[in-house]
Structures are given as structure tokens and as C-alpha cells.
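Asks: Dumping the structure here so I can ask a few things about it.
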Amino acid sequence: MPTLTTKIKGSNNYFSLISLNINGLNSPIKRHRLTDWLHKQDPTFCCLQETHLREKDRHYLRVKGWKTIFQANGLKKQAGVAILISDKIDFQPKVIKKDKEGHFILIKGKILQEELSILNIYAPNARAATFIRDTLVKLKAYIAPHTIIVGDFNTPLSSKDRSWKQKLNRDTVKLTEVMKQMDLTDIYRTFYPKTKGYTFFSAPHGTFSKIDHIIGHKTGLNRYKNIEIVPCILSDHHGLRLIFNNNINNGKPTFTWKLNNTLLNDTLVKEGIKKEIKDFLEFNENEATTYPNLWDTMKAFLRGKLIALSASKKKRETAHTSSLTTHLKALEKKEANSPKRSRRQEIIKLRGEINQVETRRTIQRINQTRSWFFEKINKIDKPLARLTKGHRDKILINKIRNEKGDITTDPEEIQNTIRSFYKRLYSTKLENLDEMDKFLDRYQVPKLNQDQVDHLNSPISPKEIEAVINSLPTKKSPGPDGFSAEFYQTFKEDLIPILHKLFHKIEVEGTLPNSFYEATITLIPKPQKDPTKIENFRPISLMNIDAKILNKILANRIQEHIKAIIHPDQVGFIPGMQGWFNIRKSINVIHYINKLKDKNHMIISLDAEKAFDKIQHPFMIKVLERSGIQGPYLNMIKAIYSKPVANIKVNGEKLEAIPLKSGTRQGCPLSPYLFNIVLEVLARAIRQQKEIKGIQIGKEEVKISLLADDMIVYISDPKNSTRELLNLINSFGEVVGYKINSNKSMAFLYTKNKQAEKEIRETTPFSIVTNNIKYLGVTLTKEVKDLYDKNFKSLKKEIKEDLRRWKDLPCSWIGRINIVKMAILPKAIYRFNAIPIKIPTQFFNELEGAICKFVWNNKKPRIAKSLLKDKRTSGGITMPDLKLYYRAIVIKTAWYWYRDRQVDQWNRIEDPEMNPHTYGHLIFDKGAKTIQWKKDSIFNNWCWHNWLLSCRRMRIDPYLSPCTKVKSKWIKELHIKPETLKLIEEKVGKSLEDMGTGEKFLNRTAMACAVRSRIDKWDLMKLQSFCKAKDTVNKTKRPPTDWERIFTYPKSDRGLISNIYKELKKVDFRKSNNPIKKWGSELNKEFSPEEYRMAEKHLKKCSTSLIIREMQIKTTLRFHLTPVRMAKIKNSGDSRCWRGCGERGTLLHCWWECRLVQPLWKSVWRFLRKLDIVLPEDPAIPLLGIYPEDAPTGKKDTCSTMFIAALFIIARSWKEPRCPSTEEWIQKMWYIYTMEYYSAIKKNEFMKFLAKWMDLEGIILSEVTHSQRNSHNMYSLISGY
């Protein structure tokens, strides 16, 4: 081969352009190989010729990292050119010119404010030079000094461009003359005037030539650094690379090492790393080395080892190809200088061998990717999430407003502007320590007791470390050190002892490893905000995983005691508290104000400026000390905040580290709790300040609601209260750094005094709105009557708009059901949860109709709605019932009533005249009999109505049950001494079920009998009279139902809505025709209950892939249309089989009885006999998964796969007059086999795969010819042959 220019060292730092004749891209394998080749070359621009793509197939060309693609394609699979532009740059096209037949495309635009035009040409074989000449003349107006002309010209431009001596023909001479007239020159020949360099080898002629060219304007040659020929094995052409003088950015792109998690699946790698850890500690763990330094050194050491192992593994994988490629280059070089027929044949053979090896490797990678989709497609998982959310573009900051307010595109100035902004943001450190102390003296914070402090300070245990490591989320970006969560989980047995010692040293010495202070900040633009303003970017911080492990342990500890410090007004990150508490609270306050005649109130939603980023570390430490936190726990927090730093990453480059002198650490599990504790100081100050008057609702004064930095303040006498509130916030800000954004803070003002309203508007910096305020994702309205319009009408509109956007998504009806569950249901549940007011039935009917249209893609439903709502008969694929979910959410308030929680102010203030303890006597209690709700009750009356209705439908007494509390109103009215009830609750239990009724009264356990002997005799007589009464015994002697358990047993409200929904579905069940029963009628069988259960289980367990399960679900649920069914729909008399057999086309006939289908089923049973599996030829087995009792259990998985593969092939030719072929069936089985193999490897379930497939693999391979194996790439994945 001719001499190839050596790749320039560091050329990836420069703009580069590659031109390549790809010789067809209709093969997916070829497209994958092109993607790999491009990633290795990493050009800024890639110009492809001969893509052979038709205009309708343009979407085939997609390359990760080069999303901007300009194409010119014809109507046939010939010609075709494309220009791909790297995501690393911002190219702004102004002019695009295309050839209709796909022979050229021209783009003109700007890059870094410089003009650039690229003309990509593929010349036809006939009269190529004439075509090039005519094209240049035609586009002369667009050719300028900044123009680059590239492509396959199909002709040499110089006699040196051929390996044999021949003069240029007349057309080529004319072309070169036109080029001279236009001041164009061959850039390669300019750089290498005497070098022989070739891009094309003609195998039939055994000749080399350079027919691929890059042409530039003579006056623009100073723009280019070099040009080189790039070897490419996936085409019969080599590529050309042109390197510009322009840097991609002003500075070296930052390489950040990240662990390749696939290494962790390699047994040799795992064993090697375990040994390295052990050896490292043996040699380096001594008294001379501090543990923080030892830990950081070990990470650096392991990083080096992993890099070496990765390189070694890659080298092993590519050794064979590299050897062949080196040999090929040597042969081509010899052949170019002295042609020889035998060598030419060897070159052709060698190229074929390399292509075969690379193709096989590409197929393997494709299959690995396909197996991932095979497992996850149509499930509630990443593929569906990506479909609904759309593609998120790579974020490039190409322009920004500098400190003067001017837009700059200079990369260096962009970096300086961003770094300066965040340096100012994070480096504001207040030194007024005395003022901080004075503020904290004035507003005392609650303290933890000694037991709580002792728990915080107890030594960190290995169990805590292991629990946190196990809970780490996987498949997430690692921190600056590159070690992922999977690394810690894989080597936890080796790392936990080291981390335990490290954390002990930190507890004692208060010094962290230096890597614990590091973080990388990535900037994400806020949606629908001006991206040229730096404040409109959201900084996302990545900490190292080891630092997160320590911080998570500290967070877990403080979480247990946070309620002792934080008032129930704060609900963010507090166990047992939810965001909708504050929404309901705000609505109840608004409702209360609306009912008042004399109004003089204000509700203010405060917006804090960068609240998390401005918290002062000295103040935070002082607050923690005042809260009683001290000792090792406090020392560790001090260490965490002693010298944190962060590198901001802009366009792939890490900027110089900035110190983080203020703000809680982003991405740190401990930060939310520290922020809450600091903000509690302000909340406490607002509560204590008498001049800030809250709103008195009955016996409750309501002043404030908080969730993280979202704060709402409720005040009366707004004229004076707002002044005091602002003064207090300013005083707080002076010691904490907290600042209110007055322009974004909004308020409702309630007053009938117009003069007072005018004064308040003039003196208050907040925006006083008349209609609504956005708060925690819902719209608070000034009057509660507008809640439905502003929240639920808008929700309906949002859902319908989402469904409209998703109508063309490429997924099946099952995938669409899961999209509804994944994207629509959470949105609806959140809104129902926040505002559970009465909603008209029409709202749900409209939504159900829109969802049904979406699921069936505007076609008539194939499966009854009632079937899809029954998890048992639909194979686990259920359509969510929004109305039932809404009812479940409305009813769930009853759970909080039963708990009688003192923290639920949101509930108590709805009816201020009601005794708060009444709520605790409503659920399964006597208080429910006399409760009277006000007509204007927003939430509680509606909850009570639905609760009673549900209990009656379930035939459960809502007043007295086994779950009635020992402290119920029934027993309270007996005037039992409080100490008696307390003793029973502590020693026996809190319900009548625990205490026992009738003969079991206080004698179910030895402890109960002991308590009975200690109770006052009068109390015992009273309790006996109630517990042994006939009515009590009749209603409580049974065990509690699932419905009763939901409201009385769980200590947490986690999963509450789902549990209520499940129980409501049982009573809301609408009877539908069971499809398995219909199959029984058609098969002349009556299935037993066990067979029904077998079929239902088969629907869920026949495969882990939903693609495979879908076919079984469709078959069992009778999804497919038949001639008989269509004849009824169209009211026609023709119900004959579509395959042309002349028989009546029932569903059973189409699947099984048709004489054109029977040969396939004969082949299936022939395979079964070869596997030594004896099954009767009963259609219920392959169609429904109902096996005979004596069927071999261990072989059912194998059989099911064979049957479902056959169903796929029969369905594929459903209306075609042909017999489904055995070859197609074998190919389908092989596809499933391949997908399950890669899935088993990934999940470490190879033995299970082997048991299922080993015998069947051999039979399949014995049934196919050698040519079929080659054409379908069918080789044993188990043995490798």
C-alpha cells in the first residue's frame, strides 16, 4: 500500500474534517461499524459519499456525538451524500444546497464567528470529471476562500494519483483548468507534491489511485494545518482527513477517567483487584502513613491498575485484527510499488478476513444492545422514559452574557465569566460571628436530648457502611475520582474493613482524605429560560462515592432525630411528612379567610435567591452546636465543610477549582437536613416574633409553611406584619446570607379597605396578585371555588397534550399502557393528592376516553376495558383506573385520622370549631355515629362520604371492628382510668383484637393474663361488660380484613394509596367474559380452576421479555381478528379462512386447525420428540400454556419458547395464503436464544440459560444448512462454534 501520512500527535485538539466513500449504509452492521470508526477518528466534520440511502430512509443515519446531519438522497438506493457535524461545536447553517439525485450537498454557515462552506460531492462513474466541473461552475457563487470541496471525484487530478503511468484524459484536464481559474487547489497535493498517496484499490485491476480529494481555495490554505490519508477497512476506499489550524477550545480538553463497569463482570479482573487491594495494604498500612493519605493513595493505585487492565483487555480483543491490519498495510505497500497477481489475491483474502472478524464483533455488540432492549422494551424502564421525554441534546455553552451584559462567544471569556460568577456565589464568607451569636441568643432552637446525641456520636459500624453501599443507586455518573457505585458494591467485602478504619480515624481526628472535598459541577440550562444568562443554569454537582457513603451514614443518623429539632411546619425530607400537607394547609387558610367578613390578611409565597448556595458555614456550625450536636458527629461535619472545592466543567473542560466557602454541598445526602436545621432558625424567629401576626383559626395560629426553600407565610394586619417580616428576614440574611427575591415573591392580599390596600401595595416589595400563585407544582387560587378550573382543567389539558405528542411513538399497545402508568398516572396522583376536592365524573370520562384512544392508537380496542383492568386475567398488564385512584386518595385521609397525629395542622384547621381529638374517634369508633360536617367542608366531608360508602360496599361496620382502638370513644365513655388503658396498650396491644373480646378477653397470652390481674377491679368489670357484650363479640370475633389492616396496622403511610386502590378494585370489579373460558368453549373443554391458574401464571411467567410475553397475552386474550369476527363486524356472510383453505376461519382454526398451519405444528412436535419431550398434540398447550399434569416441569421453559416462537410466525402470515415456514420459526427461536444468552451473561444466570437451551441449540444447528448459518450468523454462543 502507498505511504500513509502518520496521524498528527494531539490532532484531536484541532478542528478536523474527514471525507470517506462509505459504499452503502443500508446494512445496520455497516452503520454500527461506521459509528465505531468515527468515534476512533473523532472528526469535527465527516463527509460521506455513496450512502445509498433513499430520501425516506434518511433516519437510518444516526451517529451518537454527531447529531447534526445534512443529507442529499435520491429516490433509489444509489449515490447519496451526507455531512455530519460534531456535537462539540456550534455550527450555524445559513445556506443549504442539495442535488435531487444525491450527488452533492453544500452547506454554508458560521463556526466561532468564522465563515465556512463545505461542498460534498459524489461524482457518477460516467464522465465524472465533467460532472465535477459542471457542479463547480453551477455553484461558483458559493465558492469562496472559506470553502472546502470534498468527495469521491471518481477521477485522479494528477498523474501522481495513479500507481500506473497514464496521462489525464481530456475531461480531467478541463476540470483542472476550471479549478485553476477559480483559484482552487488539491490540498493533499499542495502539502505533499511528490508523495504517492492512494485512497482506492481496484481489486479486478490490481491498481491503486487517489480518486478521493479535498479541494481548497489557494488564498485559504493558511487555515489548514495538515492533511492525511486515513486507513478504513469497512469500505473499499480510504478516508482523507484535513486538520485546521483552529483549536476546538482554548485549552486542553479535560480527560476524566471513569471506571468501565463492564470490567467488573470479568472474573480475572475481580480476582486481580482483590489481590491488589490486599497486597497494597500489606505493604503500605503502617503508623508512618495517615489513613486519609493511605485511602487516597490506594484509589490512585487502583485507578492505575484498572486503566492497565482495561488497556490489556482491549489489546487482547483487538490483537488478531491489529495483526491482520499490519500485515495488510505491508502487502498493499509492496503491491503499490511492484504489482503481483498472487499478492493481489492475498490482499483481497486478507481484507475479507478482517471484515469478517470486525463484522462478527459488530454483530456481537449489536446483539448485546438488542438484548438490553429485549429485556426492557415496553416496560416501565429507560427506553419508554426516553421515548416520552425526547432526546436531550448535549449542552454546549457557545455564548454567554459577560459582566457588562454583552454577549460573548469567545471560549476563554465564557469560561472566565462562568468561573467568576460561581466564585462570587460560593466565596461569600461572613465574618460577623458576634452578630450570629446574638441572633441565636434571641431565637433559641430546640435541643436534642443526651440519648439522641449519644446515638449520633456512636462509632460508625461496618453494618452501617454495608447498608449504605447496598443502597447506592447504580448506573449513575461517578465523582471526580471516577470510581462508580458498582465498584464499591463489587468489592465491598474488601473495602468495608478499610472504610471502617478510615471513618474511625475521621471520627477521632476530624480530618478527611483530600478527595472527599472534591466535586465536579456541570451546568444544565433551566427550561424556557434565556441560556445566555449564567443565572439561568442549574449547577449539578458530582461528589466522590466514598464521600457520599460517609455523608449518607451521617444523614441516616440525623434523620432519626430531626423531628426533635424541626417543627411540623417544615415537611421537606422529614420522615412521615409530605409536601401536600402544606398545600392542603394553604388551601384551608384561604378557605377560612374567604369565609370572614372582616378581612385584613395576606398569604405570601417567598422566593429565596440561591438559598442552598448562600448558607454560611460558621452560622450552620453554630446552629448545630445550639441544637446539642457535639463530639465526633459535629467534628465530622466541620471536617466536611472545612475546605471543599469544586471544578466547573464547561464544554468538556474542567476550569480551575474554586473554594466553596458558603452553601450546603450539592449532591451530598446530608445537605437537605443541614439546610432544614438552619432554616428552622428563621421559621422559629417568625413564630416567636409577636409583631408578625399569624392567622388565628380556632385555637391554632397559622404562620408559616416550609418545604426546603419554598416558604409560605400567612399573616394578618399585613401593613405592619410585612414590615416586621422583612426586617426579620434582612436580619437573618445578614448572618446567614439568605436573601429574598422580591420580584419573584408573590402574595394574595385580602382586605375590603381600598385605602389600606393602596398603602400596602405601595410599601410591600412583593408582587400582589389577584388570581393565583404557583406553589409546589399546583396553582393556589385566591378563592377556593377556582381550584378545579385552575388545577384540574389544566391537568386534563396537559394530559391530552402529552397524549397527542406521544401518538406516533413506536411502541405497542402494552408499551402505551405502561407509558400511561409511568408518565400520566404520577402526574394525576400528585394533583389528586394535593387537592382532593370533588371532581365531576365527566372529567374522568374524558380522560379515560383520551387514554383509550392513545393506547389503541385511535383504532377500535381489541381487548375489553374490563379485562385490562383485571391484573389476574391480563397477564399483569393493567390499565390504571384514574377515578379509582382518585377515590383511594380521597379516602386515605382516614389513615391520618386514625393515627390522631398532633402534627397534622393541615387537617385540624379545616374545621376550627371541632375538637381536634374528634378525628381520632372516627375510624372504627363510636364518634363516627354523631359526626356532623359543615356543608362548606372542602376535604374532610368528602373523605368521610367516600370512607362510609366503601365500608358499606365491603360490608364492614365502620363503627366497631377488631381494629377499634383500646382508647376508643366506646371505652372512653366507660370512664376507665387512663393508667389502666396505658398499661393495656403497653403490655397487650392497642386494639380490641389485641385485648380480646368474649371468652378471649385478656387471656390470649401470658402477658395479657398478668395485666388482667393488675387492673383495678372496677375498670376490669367495665371492660368485661363491653368486651363480652353480644354485639361487641359478634362484630369483633373475626380477624381483621385487609381493608381494616390498611388503616390500622402500618406505622408509615408508604404505599397507602396503592393498598387502598387494590382493595377498592376488589369491590369495583366489573364482570367480563373470561377469555380462557371462551377458549374452553372453542376447544370443547371445561378447564378446572387449577388449569385457569396455570394459564394466568403462564401469561406472567412465560418470559422475562415483554416482547415475548405480549404475543402470549394477545393469544390468550383473543386479540387477533378472524374471518368469523370480521364477518360479524361487517355484517357479511364470508367467514372463510384468509389463507385460502376454504374452511370457516375461527380463532382456533387460524391458530391451529388450518391445513396450511399444521405443517409448522408438526415441525414443533418433531423438535419436541428430538428433545425427548412427550406432549399430546393438544392446542391448549401451545396456545394457553395449560400443560398436562405429567408434563416435565424442568422442560416447560424450553417448550414455551418454542410455542411462542411458532405463534409469532403464524401471526406474521395471518392473512397470507401460505404456510408459515419452519425456517422462519427456527430464525425466531434463534433470535430469542441470542437475546436470552446476552441477558443471562449480564445477570450472571448462565447455568439457567444452559439448562433451557443447550439441547435445543444443537437440534436447531443440525436443522440448518451451512449457507443458512453464514447468512444468518448462526453460530453456537455456548461453545463458540
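Cβ from N, Cα, C; glycine included.
Reproduced below are the annotations present in Swiss-Prot:
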type     : residues                                                                                               : note
BINDING  : LYS526, LYS529, ARG538, ASP607, ALA608, GLU609, LYS610, ALA611, PHE612, GLN666, ASP709, ASN741, LYS744 : dTTP binding site
BINDING  : LYS563, ILE566, HIS567                                                                                 : Mg(2+) 3 binding site
BINDING  : ASP607, ASP709, ASP710                                                                                 : Mg(2+) 1 binding site
COMPBIAS : 329-344                                                                                                : compositional bias 'Basic and acidic residues'
DOMAIN   : 505-780                                                                                                : domain 'Reverse transcriptase'
DOMAIN   : 1247-1266                                                                                              : domain 'DUF1725'
REGION   : 318-344                                                                                                : region 'Disordered'
REGION   : 1103-1281                                                                                              : region 'Carboxy-terminal segment'
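Distances, neighbours, how buried they are, the whole picture for these features please.
Replies: Long-range Cβ neighbours of ALA608 (dTTP binding site) (same chain, at least 6 residues apart, Cβ-Cβ under 8 Å): ASP709, MET711, TYR738, LYS739, ILE740, ASN741. Secondary structure from DSSP puts ALA608 (dTTP binding site) in a beta strand.
Listed in sequence order, ILE574, PRO575, GLY576 are the same-chain residues six or more apart from LYS563 (Mg(2+) 3 binding site) with CB atoms under 8 A from its CB.
DSSP classifies ASP709 (dTTP binding site) as coil under the three-state reduction.
As a whole-number mean, the pLDDT of the domain 'Reverse transcriptase' (505-780) in this prediction is 93.
Within the domain 'DUF1725' (1247-1266), the DSSP-based counts of helix, strand and coil residues read 18 helix, 0 strand, 2 coil.
Taking H, G and I as helix, E and B as strand and the rest as coil, DSSP gives the region 'Disordered' (318-344) the counts 24 helix, 0 strand, 3 coil.
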Asks: Same chain only, sequence gap of 6 or more: which residues have a CB within under 8 Å of the CB of ARG538 (dTTP binding site)?
Replies: LEU523, ILE524, PRO525, LYS526
Asks: With every protein chain in view, how many other Cβ atoms are within 10 Å of the Cβ of LYS610 (dTTP binding site)?
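Replies: For LYS610 (dTTP binding site), the 10 Å Cβ neighbour count is 18.
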Asks: Can you tell me how many other Cβ atoms are located within 10 Å of the Cβ belonging to ASP607 (Mg(2+) 1 binding site)?
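Replies: Within a 10 Å radius of the Cβ of ASP607 (Mg(2+) 1 binding site) lie 17 other Cβ atoms.
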Asks: Cβ distance under 8 Å to ASP710 (Mg(2+) 1 binding site), same chain, sequence separation 6 or more: which residues?
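Replies: Result: GLY572, SER605, TYR775, LEU776.
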Asks: On the Cα atoms of LYS526, LYS529, ARG538, ASP607, ALA608, GLU609, LYS610, ALA611, PHE612, GLN666, ASP709, ASN741, LYS744, which are listed as binding dTTP, what is the maximum pairwise distance in Å?
Replies: 23
Asks: Helix, strand or coil: which one is ARG538 (dTTP binding site) in, per DSSP?
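Replies: Strand, per DSSP.
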Asks: Beyond the listed site residues ASP607, ASP709, ASP710, identify every same-chain residue whose Cβ lies within 8 Å of the center of their Cβ atoms for the Mg(2+) 1 site.
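Replies: For the Mg(2+) 1 site, the extra neighbours are SER605, LEU606, ALA608, ALA611, ALA708, MET711.
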Asks: Report, in whole Å, the straight Cα-to-Cα distance of HIS567 (Mg(2+) 3 binding site) from LYS610 (dTTP binding site).
Replies: 23
Asks: For Mg(2+) 3, what surrounds LYS563, ILE566, HIS567 with a Cβ no more than 8 Å from their Cβ centroid?
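Replies: The answer, listed by sequence position, is PRO446, ILE562, ALA564, ILE565, PRO568, ASP569, GLN570, ILE574, GLU680.
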Asks: Given the binding-site residues ASP607, PHE612, LYS744, which lie close to HIS567 (Mg(2+) 3 binding site), meaning Cα to Cα within 10 A?
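Replies: Passing the 10 Å Cα cut: none.
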Asks: Including all protein chains displayed, how many Cβ atoms other than that of LYS526 (dTTP binding site) lie within 10 Å of its Cβ?
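Replies: Step by step: centre on the Cβ of LYS526 (dTTP binding site), count other Cβ atoms within 10 Å, giving 12.
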